[in-house]
Every structure is written in structure tokens, then in C-alpha cells.
Amino acid sequence: MNKLLRRTSDPSRIPDNAAGGLLHIDLDVLASNWRNLRDHAGGAEAAAVVKANAYGTGIEQAVPALLRAGCRTFFVAHLDEAICTRAVAADAAIYVLNGLLTGTGPTYADFDLRPVLGSSEEIDEWAAFSRSEGRRFKAAVHVDTGMNRLGLTVPEGLALRDRTDLQDFDLALLMSHFVSAEEGGNPLNGQQIEAFQAVRQSLPGIPASLANSSGIYLAQKPHFDLVRPGYALYGGNPTPDRDNPMSPVVGLEGRIVQLRWIEPDQTVGYNGRWTALEQRRVATISVGYADGYPRSASARGNSSETVLAGMALVNGRRCPFAGNISMDLIAVDVTEAADQVQRGDTVTLIGGDLTVDEVGRRAGTIGYEVLTSLGSRYARTYRGGEG
Ligand SMILES: *Cc1c(COP(=O)(O)O)cnc(C)c1O
């Protein structure tokens with residue numbers, strides 16, 4: 001066996017040019033986005049939502065960078081993500097948004113984690129667990145003000161103060177979540193703020209949190225005591241109707257493995273969904289849907305039709321995808337940049353003016369899904385994040 005193969009148990013030993021795609025993650029920009037959000041939060045504490053492996057960027061790298069920026073409170077979705085976060089954040093407050101599953105109390109206690117209790121049953125169980133351990137363990141309570149997904153109903157929230165078992169644990173945070181905070185003009189925002197206010201007033205002294213990334217930018221400034229940005233930290237635009245106040249954290253490049261001329265009437269890719277109407281130059285890029293690039297960004301039609309589909313930046317020039325995205329490959333019509341490309345060059349799939357938001361839109365989805373799908377196949381390089 002050759003030396004390299006013997007060493008592959010340590011992925012850091014695999015050279016970057018051995019991978020199909022190159023993912024760049026800028027931890028200094030992540031930290032500056034966090035500071036920017038904190039400065040917009042009107043004095044409220046800024047937490048960081050690091051669920052889904054910090055939106056694809058890596059909990060192990062993102063959390064220490066956020067800690068150095070001054071972040072002290074983290075939110076994840078699952079208990080296992082919380083344990084991974086604890087491994088790199090010994091003293092932070094860590095909340096688990098998806099709540100308490102029966103029998104997991106000891107795990108919460110072992111790692112000093114806080115469930116976000118989303119139903120009366122979860123409150124029962126957390127109070128009982130705290131009593132059985134003789135300790136007032138911390139938790140948040142989630143009140144559902146419109147999502148109809150997780151959380152107590154508003155009437156249940158208003159009745160909380162009458163629950164005697166509320167004294168059995170430490171209610172450290174009261175929270176709710178916006179349905180469409182990215183639509184600044186949506187009347188639901190105001191209704192949710194009002195319902196949340198009412199519950200909050202019935203529980204004086206309990207810190208409160210409502211705003212996600214977009215919520216921070218709402219005209220009503222619903223910052224309360226703590227804000228919970230996720231997407232914007234990683235460069236997503238929290239104000240889709242306006243310029244992005246954030247800077248991009250993630251860049252993705254793919255390598256050209258072949259270049260070829262396609263003759264008129266020839267198709268490209270599986271099922272022949274894209275046809276060259278005249279001779280076209282097509283570059284085949286070594287990134288596919290198995291890398292996490294959404295297949296829904298496939299380009300169907302022909303070389304003259306404009307369809308909503310993926311794009312690559314080739315030497316700064318926008319070049320459209322051609323045909324279906326395969327598991328490991330994307331074909332790009334580089335005719336317009338034909339004299340400037342050669343085999344082995346890299347093209348930009350996320351970066352420059354090709355933002356995560358646009359990549360999501362071109363795939364018929366949202367940038368959140370693009371980020372959280374970023375694959376483990378990429379050679380990941382991190383910039384910044386030191387002391
Ligand atoms: C994911 C999530 C957030 C973060 O939302 P962004 O839109 O990514 O800022 C905040 N709060 C809750 C409850 C969430 O599930």
C-alpha cells in the first residue's frame with residue numbers, strides 16, 4: 001500500500017488538490033458578522049445559532065471563533081450537537097431547540113446543557129428530573145406565537161406563572177420564533193411581538209428572546225434581552241429586500257476536469273435535458289449533488305434559452321450550467337469565457353457576486369439549505385479565527 005493510502009485515516013493529510021471541490025470558510029468574517037449583529041441588537045445579548053454543524057461551516061471551528069468574538073450563548077437543534085458544542089465551549093450556555101426527549105435528563109445534566117421546553121409534558125419531565133436530582137437545572141420555555149410547530153400555546157404561556165412546579169427548575173429564558181421575519185411588512189410580525197409581550201409581562205424578571213437574524217432588522221426592533229441569529233452569521237442576507245448588511249463567510253470552488261466542444265443538436269448530461277443549438281464550449285466541473293450542491297439547480301432547455309438554474313463564475317464571468325447535475329459532476333457552458341479556461345482551472349460556485357442567497361434562489365430553494373447541505377467531500381480550508 002502506498003504511503004498516502006496508509007495515512008488516509010487522517011483526513012488532514014489528504015492534499016487539497018485531491019478533492020473535487022474546495023470550500024473556504026472565513027472565521028474572521030464570521031466573527032465580524034456576529035459583532036455587526038450584536039451592534040444592531042440595541043444592547044441585547046447576541047447569541048449564535050450553530051445547529052446543523054454551524055450551518056455547514058463546522059461547529060468545531062465556528063464556535064471557538066464566536067467565543068473569541070465575545071459570544072457566550074449558543075443554540076443547537078439536537079442534543080448531540082449540543083455535546084459537540086460543549087466540547088469546544090467549556091463555559092458557554094448551550095440550549096437545545098428541539099426540546100427534551102424522555103430519558104435524556106441525565107445527559108443534559110452531565111454536559112451542563114439546557115433544553116428548550118416546548119410543551120407542558122416537557123416542563124413536567126424537567127421539573128420532575130430537577131426534583132429527583134435535588135437541583136434547579138436551567139431551561140428555556142418556548143411559546144408558539146404563530147409557527148404552530150414547537151412550543152406552548154399562548155394561553156398555556158399565560159398560565160405558566162400559576163404552575164407551582166415552575167419553581168422546581170431555573171427558568172432562564174422565555175422564547176418564541178418568527179414565522180416570516182424576512183418579510184418586514186408582514187403583519188404577522190407585529191401580532192407575534194404582541195402575543196410574546198403579553199406572555200413576557202406575565203413572567204416578570206425572566207429574560208426573553210424572539211429575534212432570529214431577520215428579526216433583528218425588523219422596524220419594531222423586537223430585541224428583548226437576547227437575539228438568536230443563525231443564517232446572517234454565515235453571510236446570508238437577513239433583509240432580502242435590501243442590500244446584505246453581512247459579509248460572505250463561505251466560498252466554494254470546483255475544478256474543471258474536462259473541456260470539450262459540443263456540436264449543434266447534441267445534448268449534455270443524463271436524460272439529454274439540455275441541447276446545444278450551435279457549437280458550445282462546455283467545462284465539466286468535479287462537484288455534484290453528492291457534494292451537497294442542489295440538483296434542483298440543473299439547467300434544462302437549450303443554449304439560447306434563459307432558465308432559472310445554477311451558474312459558475314469563470315474568471316469573473318457568469319457562465320450558466322448545462323443539463324442535469326450529476327452525482328459528482330456539473331457541466332457549465334463556458335463558451336463566453338472559452339479563450340480563458342483550461343483543464344485544472346477552478347471556477348467559483350459560491351463567492352464573488354454569486355451569493356449563497358442567489359445560489360439558493362437559482363436552485364428553487366433558500367440559501368439556508370445550500371449552506372446546511374455543504375458536503376463532507378470538500379477540501380475545507382479555514383481562514384482566520386486565531387486569537
Ligand atoms: C434556526 C433558528 C434560529 C436562527 O434563525 P436564522 O433565521 O438562521 O437566524 C433562531 N431561533 C430558532 C428557534 C431557530 O430554530
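From the backbone N, Cα and C atoms, a Cβ is placed for every residue, glycine too.
Since this is a predicted model, take the numbers as computed values, not measurements.
The following features are taken from TrEMBL:
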type	residues	note
ACT_SITE	K51	active site, proton acceptor
ACT_SITE	Y270	active site, proton acceptor
BINDING	R149, M327	substrate binding site
DOMAIN	249-383	domain 'Alanine racemase C-terminal'
MOD_RES	K51	N6-(pyridoxal phosphate)lysine
Can you check which residues sit near K51 (active site, proton acceptor), meaning Cβ under 8 Å from its Cβ, same chain, 6 or more apart in sequence, and list them in order?
F75, V76, A77, H78, E81, L97, G230
Taking 10 A as the limit, how many CB atoms besides its own sit near the CB of M327 (substrate binding site)?
10
Where DSSP helix means H, G or I and strand means E or B, what are the helix, strand and coil counts for the domain 'Alanine racemase C-terminal' (249-383)?
28 helix, 51 strand, 56 coil
What three-state class does DSSP give K51 (active site, proton acceptor)?
helix
Which of the three DSSP states, helix, strand or coil, fits R149 (substrate binding site)?
coil
